[in-house]
């Protein structure tokens, strides 16, 4: 006989209380529908997880729920996303714990921008057909994240290695690098630009940018002017620019004299710039012929003459500037024409950029529409798949009837549309005939009246026929709607199996909670009784302590005190006997109930055994009947 457990024993939540056992003592499992497609998808999911590196899916002792949820959690954490789950593994979770875990997983998927939709009850119900696309996307995302992090970790490892270690090739490269840097710095120091001339402080300020550039280059010994090759290039450029810029003005070309004038103006500008400069250090002041020759690259005779007659030529320079004012003005006109062309091209560029922006906006709009159309197509595809699943689970005979009604409805609609079109065409033809007849003859004849009456009669007949067709179509639509509602109200076998599993789990949880509550009530009643007895004991001891001195003062009081104590002890013994008797009665009742329970278990085993034997006999009977039928047929 089993000993009663302590009231302090806590029932573990989710234990299989109220489960049923067969005659062999094995737990009866809930009958579930094994879907072949679901098992195939589960196998594909486990293969994907193993290929991604989640080798925990190989453990045969784990349930499919633990493998799938563990794989999803591993993929999410691999993608550097946080998920609020318990660190330690918990086996045989309750339905509440499973739903809570699946809700946390589903809440992270939108943050990862997962394109597939998944609900918590689909994960908890092991709907592998809808779980597979999500697992496939998570595995792909985890592999991509691992590759990105692998490159980052590899680069970080290499950088950490290079901070504390170095290879012989690296040391040799650093030495060669230092030598090369020093050599480059030495070359830069040797061949750096050296200033040879400086403009006078009291010289006139140069206004145009081109003159300032020429002056700066001359200060560092570089001449920017006409050379033998640059002269020809500049002449060709002048011809091209003047030909393009003066087509609307003079319709001519630049001749040789104008080219020589431009060359003379350029040389005069260089000479003018040199007059405002002084040599650096000891050569500051007077310009020597050799220095000027090295600077401007002119012919030696002209340089000597310019150095000796500098003061005398100053007036001639001013007069020459006035003489060459005409070619300069023409040059400025060419520059203005080119600037105008640049502005025009800039304006055209702005217009083209605006058109490009409009075309780009149109392209983006088309892309957005394409994306929306793709989403709508995917939604329709999913709805079509769901509809096919519903069709597979529905009653085939009722579905065929519904399809026939829908086909009839579509045919009636098409007939109605054709009839309306025919009526409109016939009415238009008749109206044309009426107009022709009215135009041909001013008054209607008797034959035309009869014809009109016949047409009206045909029109009324067609209208009544159309009304009947509409009523028939409405009746068919109502029947179709009623059948659709009936189909939707009938749950499928998978839903019934899922409901059965949920009810069994909820019943187990409620039973565990009920038993735990009864234990708490028993504990409370026991502690309350213990408290009452302790209070009585304390009151009795206080009364004895208060009356002890007074009772010991005389022999009569002492005898009375002892009698009262004996009465109290006798009352306590009576109460103890009553409690022992009550305890014995409860124990006997417990033993009786236990015996009845064992008898019921024996009956249950006998029942299962009888049912099993009966099924076996039925099978043998069917085999014998089939053999008899076969012999009778032969």
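Cβ from N, Cα, C; glycine included.
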Completion exercise
Here TrEMBL annotates coiled coil, and of 248-297, 398-447, 448-497 the range meant is 398-447
Practice task
With DSSP as the reference, give the number of residues of the domain 'CCDC93 N-terminal' (37-143) in helix, strand and coil.
Solution key: 70 helix, 0 strand, 37 coil
Exercise for the section: Calculate the per-residue pLDDT averaged over the domain 'CCDC93 N-terminal' (37-143) and state the result as an integer. Expected result: 80
